[in-house]
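Below, the features straight out of Swiss-Prot:
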ACT_SITE  HIS24  active site, tele-phosphohistidine intermediate
BINDING   GLN36, GLY37, GLU102, ARG103, TYR104, MET105  substrate binding site
ACT_SITE  GLU102  active site, proton donor/acceptor
SITE      HIS166  site 'Transition state stabilizer'
Amino acid sequence: MTKEVPYYCDNDDNNIIRLFIIRHGQTEHNVKKILQGHKDTSINPTGEEQATKLGHYLRSRGIHFDKVVSSDLKRCRQTTALVLKHSKQENVPTSYTSGLRERYMGVIEGMQITEAEKYADKHGEGSFRNFGEKSDDFVARLTGCVEEEVAEASNEGVKNLALVSHGGAIRMILQWLKYENHQAHKIIVFNTSVTIVDYVKDSKQFIVRRVGNTQHLGDGEFVVSDLRLR
C-alpha cells in the first residue's frame, strides 16, 4: 500500500498549478564530488535506478503530468526519459531549456570541491562560488524561466507541471521563494528527490508543500509546513 503523503498527488484545482521539481539522477561527478556546472555529464547506473524507481513510484501514486520542462543538459534529459518511461507517461508534452541548467562554474568546472576551494584561496577569492555565473545572474535566469513556464502553463490550462533540474538550481529556487528564511542553500537536495510547490493563480502566490521527497528510494523528506512564500 502506498503511504499517504499530503500534496504528493495529482492536482485537480483549476486555480492551482502544482510544480513537481525533480533533481536529476546520480552521476559519477556527484559520487566524486566534482563540480559539474554546465558540463554535459551522464547519469550512472545508480542514477538510472533512481529515475526508474521514481517513475514506478509516480505511477503507483497515480500522478500524471500535463507537461514536463527539463534542463537541456544530458543528465536531466536522461532522468526525464526514464521517469516518463516507467510512469507510462512517454506521450506527455516535454521540452528542454537552458533556463533550468545548473549554475555555470567557469574555470573550476571539472574540479573536485576541495581542489576548487584551494584554487579560490590561491587566487584571493573568499569562495569557489565567486567563479563563473554570478549569483544575481543565476537567480534571474532560473526565476525568469520558472515564471515564464508557470505563465505558459496557466494559459494552457496545465494543472500538474514537472520541472527537471539540478541540486544547486533547486536550492536557489527555494531560496528565491524565501523557504526557511533564506537558508535554503543549506538543504541537501538528493538525486531524483521531488520538491512540490503550488502556484495559486488568483493570489499569484507560490506555496512550498514538500521539499526533497525521496520515498521512492525508501527514504523520507524534509518536513515542510504550508508556507505561503512568494
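In case you wondered, yes, glycine gets a Cβ from its N, Cα and C as well.
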Counting Cβ atoms within 10 Å of each candidate's own Cβ, which of the recorded positions ARG103, HIS166 comes out highest?
ARG103
Round to a whole number and give the Cα-to-Cα distance in Å for the pair HIS166 (site 'Transition state stabilizer') and GLU102 (substrate binding site).
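Answer for this pair: 6 Å between alpha carbons.
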Any idea of the Cα spread of the substrate site, GLN36, GLY37, GLU102, ARG103, TYR104, MET105, as a max distance in Å?
9
Whole-number Å distance between the CA of MET105 (substrate binding site) and the CA of the residue listed as 'active site, tele-phosphohistidine intermediate'?
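MET105 (substrate binding site) to the residue listed as 'active site, tele-phosphohistidine intermediate', Cα-Cα distance: 18 Å.
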Taking just the CA atoms, what is the gap between the residue listed as 'active site, tele-phosphohistidine intermediate' and GLU102 (substrate binding site) in Å?
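Cα to Cα, the residue listed as 'active site, tele-phosphohistidine intermediate' and GLU102 (substrate binding site) are separated by 11 Å.
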With a radius of 8 angstroms around the mean position of the C-beta atoms of GLN36, GLY37, GLU102, ARG103, TYR104, MET105, what other residues of the same chain does the substrate site pick up?
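The surrounding set, listed in chain order, is LEU35, HIS38, LYS39, ARG101, GLU109, GLY132, GLU133, HIS166, GLY168.
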